[in-house]
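A.B. asks: My questions will all concern the structure given below.
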Amino acid sequence: MAQSTSFFVLVALLAFAPICFSFKSDNDNLYPQYYYKSCPQAQEIVKSVVAKAVAKEARMAASLLRLHFHDCFVKGCDASLLLDSRGSIVTEKRSNPNRNSARGFDVIDDIKSALEKECPQTVSCADILALAARDSTVLAGGPNWEVPLGRRDSRSASLSGSNNDIPAPNNTFNTILTKFKRQGLDVVDLVALSGSHTIGNSRCVSFRQRLYNQSGNSKPDTTLDESYAAQLRNRCPKSGGDQNLFFLDFVSPTKFDNSYFKLLLASKGLLNSDQVLTTKSQASLALVKQYAENNALFFDHFAKSMVKMGNISPLTGSSGEIRKTCRKINSS
(Lines of atoms letter the chains of each structure in order from A and count residues from 1; the text may use other names and numbers.)
(Lines give C-alpha, C1' and ligand atoms only; values in the text may rest on other atoms or scores of the structure.)
Protein backbone atom coordinates (compact mmCIF):
# COMPACT_ATOMS: atom_id res chain seq x y z
CA MET A 1 0.00 0.00 0.00
CA ALA A 2 2.83 2.37 0.90
CA GLN A 3 4.52 1.59 -2.40
CA SER A 4 1.38 2.26 -4.44
CA THR A 5 0.78 5.54 -2.61
CA SER A 6 4.35 6.67 -3.28
CA PHE A 7 3.94 5.77 -6.93
CA PHE A 8 0.71 7.78 -7.12
CA VAL A 9 2.43 10.79 -5.57
CA LEU A 10 5.25 10.53 -8.14
CA VAL A 11 2.76 10.34 -11.00
CA ALA A 12 0.74 13.17 -9.46
CA LEU A 13 3.76 15.43 -9.29
CA LEU A 14 4.43 14.79 -12.96
CA ALA A 15 0.98 16.21 -13.65
CA PHE A 16 2.43 19.66 -13.11
CA ALA A 17 4.36 19.37 -16.34
CA PRO A 18 1.62 20.63 -18.73
CA ILE A 19 1.55 24.18 -20.08
CA CYS A 20 1.35 26.70 -17.27
CA PHE A 21 -0.82 29.76 -17.82
CA SER A 22 0.91 33.02 -16.92
CA PHE A 23 -1.16 36.13 -16.35
CA LYS A 24 -0.16 39.55 -15.06
CA SER A 25 -1.49 40.20 -11.57
CA ASP A 26 -3.58 43.32 -11.09
CA ASN A 27 -1.84 43.78 -7.76
CA ASP A 28 1.79 44.88 -8.17
CA ASN A 29 2.59 43.68 -4.64
CA LEU A 30 1.91 40.07 -5.61
CA TYR A 31 4.18 38.15 -7.97
CA PRO A 32 5.06 34.46 -8.50
CA GLN A 33 8.75 34.89 -7.61
CA TYR A 34 8.02 36.36 -4.16
CA TYR A 35 9.68 33.50 -2.23
CA TYR A 36 12.46 32.71 -4.68
CA LYS A 37 15.13 34.06 -2.30
CA SER A 38 13.48 33.81 1.12
CA CYS A 39 12.10 30.28 0.70
CA PRO A 40 13.06 28.81 -2.70
CA GLN A 41 11.54 25.39 -1.91
CA ALA A 42 8.18 26.82 -0.84
CA GLN A 43 6.15 25.84 -3.89
CA GLU A 44 7.67 22.36 -4.06
CA ILE A 45 6.87 21.77 -0.40
CA VAL A 46 3.25 22.80 -0.87
CA LYS A 47 2.96 20.67 -3.99
CA SER A 48 4.39 17.60 -2.28
CA VAL A 49 2.08 17.74 0.75
CA VAL A 50 -0.98 18.38 -1.43
CA ALA A 51 -0.05 15.47 -3.71
CA LYS A 52 0.18 13.09 -0.74
CA ALA A 53 -3.18 14.29 0.61
CA VAL A 54 -4.95 13.89 -2.74
CA ALA A 55 -3.33 10.47 -3.25
CA LYS A 56 -4.84 9.44 0.08
CA GLU A 57 -8.27 10.92 -0.74
CA ALA A 58 -9.17 12.24 -4.20
CA ARG A 59 -11.97 14.37 -2.74
CA MET A 60 -9.38 16.51 -0.96
CA ALA A 61 -8.55 18.32 -4.20
CA ALA A 62 -12.01 19.88 -4.29
CA SER A 63 -11.92 20.61 -0.56
CA LEU A 64 -8.67 22.57 -0.78
CA LEU A 65 -9.85 24.48 -3.84
CA ARG A 66 -13.02 25.45 -1.97
CA LEU A 67 -11.06 26.73 1.04
CA HIS A 68 -9.34 29.36 -1.12
CA PHE A 69 -12.69 30.47 -2.57
CA HIS A 70 -14.36 30.73 0.85
CA ASP A 71 -11.36 32.62 2.21
CA CYS A 72 -11.12 35.19 -0.58
CA PHE A 73 -14.82 36.10 -0.54
CA VAL A 74 -14.60 37.19 3.11
CA LYS A 75 -12.34 40.19 3.81
CA GLY A 76 -10.13 39.22 0.88
CA CYS A 77 -7.53 36.45 0.50
CA ASP A 78 -6.06 36.71 3.99
CA ALA A 79 -6.46 33.24 5.55
CA SER A 80 -9.11 34.55 7.98
CA LEU A 81 -11.02 31.32 7.32
CA LEU A 82 -8.29 29.28 9.01
CA LEU A 83 -8.48 31.02 12.39
CA ASP A 84 -10.09 29.11 15.25
CA SER A 85 -12.21 30.88 17.85
CA ARG A 86 -9.87 32.35 20.45
CA GLY A 87 -10.19 35.49 22.57
CA SER A 88 -12.15 38.07 20.57
CA ILE A 89 -11.97 35.99 17.37
CA VAL A 90 -15.11 34.09 16.34
CA THR A 91 -14.15 31.56 13.70
CA GLU A 92 -15.60 31.64 10.18
CA LYS A 93 -15.68 27.84 10.35
CA ARG A 94 -19.01 28.15 12.20
CA SER A 95 -20.74 30.02 9.37
CA ASN A 96 -23.53 28.43 7.36
CA PRO A 97 -21.35 27.93 4.25
CA ASN A 98 -18.56 26.29 6.27
CA ARG A 99 -20.13 24.42 9.20
CA ASN A 100 -20.01 20.63 8.70
CA SER A 101 -18.74 21.36 5.19
CA ALA A 102 -15.36 23.12 4.95
CA ARG A 103 -12.53 20.63 5.29
CA GLY A 104 -8.84 20.19 4.53
CA PHE A 105 -7.61 22.24 7.49
CA ASP A 106 -5.30 19.42 8.62
CA VAL A 107 -3.63 19.42 5.20
CA ILE A 108 -3.03 23.17 5.47
CA ASP A 109 -1.54 22.55 8.94
CA ASP A 110 0.80 19.92 7.49
CA ILE A 111 1.93 22.31 4.75
CA LYS A 112 2.55 25.11 7.25
CA SER A 113 4.50 22.79 9.54
CA ALA A 114 6.75 21.67 6.68
CA LEU A 115 7.32 25.26 5.58
CA GLU A 116 8.13 26.43 9.10
CA LYS A 117 10.88 23.80 9.30
CA GLU A 118 12.34 24.94 5.97
CA CYS A 119 11.96 28.72 6.40
CA PRO A 120 10.37 29.87 9.68
CA GLN A 121 7.69 32.58 9.62
CA THR A 122 8.23 33.34 5.95
CA VAL A 123 5.37 31.86 3.89
CA SER A 124 1.89 33.11 4.75
CA CYS A 125 -1.12 30.91 5.29
CA ALA A 126 -2.96 33.00 2.70
CA ASP A 127 -0.36 32.08 0.08
CA ILE A 128 -0.53 28.44 1.16
CA LEU A 129 -4.27 28.45 0.38
CA ALA A 130 -3.66 29.99 -3.05
CA LEU A 131 -0.94 27.48 -3.93
CA ALA A 132 -2.88 24.50 -2.59
CA ALA A 133 -5.88 25.49 -4.71
CA ARG A 134 -3.74 25.61 -7.86
CA ASP A 135 -1.96 22.36 -7.06
CA SER A 136 -5.25 20.58 -6.32
CA THR A 137 -6.67 21.71 -9.65
CA VAL A 138 -3.65 20.40 -11.54
CA LEU A 139 -3.66 17.09 -9.67
CA ALA A 140 -7.29 16.57 -10.71
CA GLY A 141 -6.34 17.10 -14.37
CA GLY A 142 -7.13 20.80 -14.60
CA PRO A 143 -5.10 23.79 -15.80
CA ASN A 144 -1.86 25.03 -14.30
CA TRP A 145 -1.08 28.69 -13.73
CA GLU A 146 1.49 30.89 -12.04
CA VAL A 147 0.22 31.99 -8.63
CA PRO A 148 1.03 35.60 -7.66
CA LEU A 149 2.40 35.51 -4.10
CA GLY A 150 3.14 37.91 -1.26
CA ARG A 151 -0.14 37.91 0.70
CA ARG A 152 0.01 38.32 4.45
CA ASP A 153 -2.32 36.86 7.06
CA SER A 154 -5.13 38.70 8.80
CA ARG A 155 -5.37 39.07 12.56
CA SER A 156 -9.15 38.82 12.58
CA ALA A 157 -12.06 36.83 11.17
CA SER A 158 -15.60 37.74 10.13
CA LEU A 159 -18.39 35.30 10.87
CA SER A 160 -20.99 37.72 9.50
CA GLY A 161 -18.97 38.23 6.34
CA SER A 162 -18.75 34.49 5.83
CA ASN A 163 -22.52 34.15 6.27
CA ASN A 164 -23.35 37.05 3.98
CA ASP A 165 -20.67 37.27 1.29
CA ILE A 166 -20.18 33.67 0.15
CA PRO A 167 -22.72 32.65 -2.54
CA ALA A 168 -25.17 30.05 -1.23
CA PRO A 169 -26.56 27.02 -3.11
CA ASN A 170 -30.10 28.44 -3.00
CA ASN A 171 -29.26 32.01 -3.98
CA THR A 172 -30.86 33.48 -7.10
CA PHE A 173 -28.66 34.17 -10.11
CA ASN A 174 -28.82 37.93 -9.51
CA THR A 175 -27.81 37.51 -5.87
CA ILE A 176 -24.85 35.33 -6.82
CA LEU A 177 -23.73 37.76 -9.53
CA THR A 178 -24.06 40.67 -7.09
CA LYS A 179 -21.82 38.86 -4.61
CA PHE A 180 -19.24 38.29 -7.34
CA LYS A 181 -19.38 41.90 -8.53
CA ARG A 182 -18.89 43.05 -4.94
CA GLN A 183 -15.49 41.33 -5.12
CA GLY A 184 -14.58 42.90 -8.46
CA LEU A 185 -15.49 39.77 -10.42
CA ASP A 186 -17.82 39.54 -13.42
CA VAL A 187 -20.13 37.04 -15.12
CA VAL A 188 -17.21 35.34 -16.90
CA ASP A 189 -15.51 34.78 -13.55
CA LEU A 190 -18.80 33.53 -12.10
CA VAL A 191 -19.35 30.88 -14.76
CA ALA A 192 -15.68 29.89 -15.06
CA LEU A 193 -15.19 29.52 -11.30
CA SER A 194 -18.48 27.62 -10.99
CA GLY A 195 -16.73 25.07 -13.18
CA SER A 196 -14.77 24.03 -10.08
CA HIS A 197 -17.90 21.97 -9.35
CA THR A 198 -16.59 19.51 -11.91
CA ILE A 199 -14.97 17.88 -8.85
CA GLY A 200 -16.16 17.39 -5.31
CA ASN A 201 -19.38 16.67 -3.46
CA SER A 202 -22.38 18.41 -1.99
CA ARG A 203 -24.68 17.48 0.87
CA CYS A 204 -28.35 16.55 0.56
CA VAL A 205 -29.32 19.54 2.70
CA SER A 206 -27.83 21.87 0.07
CA PHE A 207 -30.23 20.87 -2.71
CA ARG A 208 -33.16 19.12 -1.00
CA GLN A 209 -35.58 21.96 -1.78
CA ARG A 210 -35.07 21.32 -5.51
CA LEU A 211 -36.43 17.81 -5.07
CA TYR A 212 -39.50 18.59 -2.98
CA ASN A 213 -40.33 22.26 -2.53
CA GLN A 214 -38.42 24.59 -4.83
CA SER A 215 -40.82 27.54 -4.79
CA GLY A 216 -42.78 26.98 -1.60
CA ASN A 217 -45.53 25.10 -3.45
CA SER A 218 -44.49 21.56 -2.43
CA LYS A 219 -43.37 20.86 -6.00
CA PRO A 220 -39.90 20.02 -7.34
CA ASP A 221 -37.74 22.31 -9.43
CA THR A 222 -39.01 22.13 -13.01
CA THR A 223 -35.53 22.94 -14.34
CA LEU A 224 -34.16 19.69 -12.88
CA ASP A 225 -34.22 16.61 -15.12
CA GLU A 226 -36.96 14.31 -13.76
CA SER A 227 -35.01 11.05 -14.02
CA TYR A 228 -32.00 12.62 -12.32
CA ALA A 229 -34.26 14.01 -9.57
CA ALA A 230 -35.71 10.54 -9.00
CA GLN A 231 -32.22 9.11 -8.52
CA LEU A 232 -31.34 11.85 -6.04
CA ARG A 233 -34.47 11.24 -3.96
CA ASN A 234 -33.28 7.69 -3.25
CA ARG A 235 -30.61 9.05 -0.92
CA CYS A 236 -31.94 12.52 -0.19
CA PRO A 237 -35.34 12.13 1.51
CA LYS A 238 -37.68 14.91 2.59
CA SER A 239 -36.25 14.69 6.08
CA GLY A 240 -33.08 13.08 7.39
CA GLY A 241 -29.90 12.28 5.51
CA ASP A 242 -28.77 15.91 5.60
CA GLN A 243 -25.09 14.98 5.42
CA ASN A 244 -25.42 12.38 2.64
CA LEU A 245 -22.91 13.26 -0.06
CA PHE A 246 -23.54 13.48 -3.81
CA PHE A 247 -21.14 14.14 -6.67
CA LEU A 248 -21.48 17.62 -8.15
CA ASP A 249 -20.47 16.09 -11.49
CA PHE A 250 -21.51 12.42 -11.55
CA VAL A 251 -19.93 11.77 -14.96
CA SER A 252 -16.31 12.42 -13.92
CA PRO A 253 -16.44 13.36 -10.23
CA THR A 254 -12.69 13.36 -9.59
CA LYS A 255 -11.53 14.66 -12.97
CA PHE A 256 -11.27 18.38 -13.60
CA ASP A 257 -12.88 18.83 -17.02
CA ASN A 258 -15.84 20.47 -18.76
CA SER A 259 -18.40 17.70 -18.18
CA TYR A 260 -19.99 19.89 -15.47
CA PHE A 261 -21.13 22.30 -18.17
CA LYS A 262 -22.47 19.49 -20.33
CA LEU A 263 -24.56 18.33 -17.38
CA LEU A 264 -25.95 21.83 -16.92
CA LEU A 265 -27.12 21.83 -20.54
CA ALA A 266 -28.84 18.48 -19.85
CA SER A 267 -30.65 20.02 -16.81
CA LYS A 268 -28.57 17.85 -14.48
CA GLY A 269 -26.86 20.46 -12.36
CA LEU A 270 -26.99 19.38 -8.73
CA LEU A 271 -27.31 22.74 -6.99
CA ASN A 272 -29.75 25.51 -7.77
CA SER A 273 -26.74 27.83 -8.02
CA ASP A 274 -25.38 25.57 -10.76
CA GLN A 275 -28.52 25.25 -12.87
CA VAL A 276 -29.43 28.97 -12.79
CA LEU A 277 -26.37 29.55 -14.98
CA THR A 278 -28.44 28.17 -17.87
CA THR A 279 -31.93 29.38 -16.95
CA LYS A 280 -31.66 32.96 -15.66
CA SER A 281 -29.11 34.73 -17.86
CA GLN A 282 -28.41 34.66 -21.57
CA ALA A 283 -24.84 35.79 -20.93
CA SER A 284 -24.10 32.94 -18.53
CA LEU A 285 -25.90 30.42 -20.75
CA ALA A 286 -23.70 31.45 -23.68
CA LEU A 287 -20.59 30.86 -21.58
CA VAL A 288 -21.85 27.47 -20.38
CA LYS A 289 -22.34 26.43 -24.01
CA GLN A 290 -18.86 27.64 -24.96
CA TYR A 291 -17.19 25.78 -22.11
CA ALA A 292 -19.20 22.63 -22.81
CA GLU A 293 -17.88 22.67 -26.38
CA ASN A 294 -14.34 23.86 -25.68
CA ASN A 295 -12.46 22.44 -22.71
CA ALA A 296 -9.34 24.48 -23.52
CA LEU A 297 -11.34 27.72 -23.37
CA PHE A 298 -12.76 26.72 -19.99
CA PHE A 299 -9.27 25.95 -18.67
CA ASP A 300 -7.95 29.30 -19.90
CA HIS A 301 -10.82 31.29 -18.38
CA PHE A 302 -10.71 29.32 -15.13
CA ALA A 303 -7.00 29.98 -14.65
CA LYS A 304 -7.44 33.69 -15.36
CA SER A 305 -10.37 33.91 -12.95
CA MET A 306 -8.45 32.09 -10.21
CA VAL A 307 -5.65 34.66 -10.45
CA LYS A 308 -8.23 37.44 -10.43
CA MET A 309 -9.98 35.98 -7.38
CA GLY A 310 -6.64 35.52 -5.64
CA ASN A 311 -6.08 39.28 -5.98
CA ILE A 312 -9.11 40.20 -3.87
CA SER A 313 -7.99 42.64 -1.15
CA PRO A 314 -4.73 40.98 -0.11
CA LEU A 315 -2.81 42.23 2.90
CA THR A 316 0.69 43.24 1.82
CA GLY A 317 3.66 45.22 3.09
CA SER A 318 3.38 45.76 6.84
CA SER A 319 -0.34 44.92 7.02
CA GLY A 320 -1.33 41.74 8.84
CA GLU A 321 1.33 39.22 9.78
CA ILE A 322 2.96 35.93 8.81
CA ARG A 323 1.39 33.45 11.22
CA LYS A 324 3.52 30.78 12.87
CA THR A 325 0.53 28.45 12.79
CA CYS A 326 -2.47 28.98 10.56
CA ARG A 327 -5.16 28.46 13.22
CA LYS A 328 -4.22 31.38 15.49
CA ILE A 329 -2.69 34.83 15.36
CA ASN A 330 0.87 35.14 16.63
CA SER A 331 0.11 36.95 19.87
CA SER A 332 -2.43 34.39 21.06
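Backbone N, Cα and C define each Cβ position, glycine as well.
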A.B. asks: Looking at TrEMBL, which one of C72, C77, C119 makes a disulfide with C39?
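C.D. replies: When TrEMBL is consulted, C39 turns out to be bridged to C119.
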A.B. asks: Average the per-residue pLDDT over the domain 'Plant heme peroxidase family profile' (29-330) and send me the rounded value.
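C.D. replies: Looking only at the domain 'Plant heme peroxidase family profile' (29-330), pLDDT averages out to 97.
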A.B. asks: Whole-number Å distance between the CA of H197 (heme b binding site) and the CA of D249 (Ca(2+) 2 binding site)?
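C.D. replies: One finds 7 Å between the Cα atoms of these residues.
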A.B. asks: At the Cα level, what's the spacing in Å between C77 (disulfide bond) and C39 (disulfide bond), rounded?
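C.D. replies: That separation, Cα to Cα, works out to 21 Å.
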A.B. asks: So which of the binding-site residues is most packed in, judged by how many other Cβ atoms lie within 10 Å of its Cβ, out of D249, D257?
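C.D. replies: The residue with the densest Cβ neighbourhood is D249.
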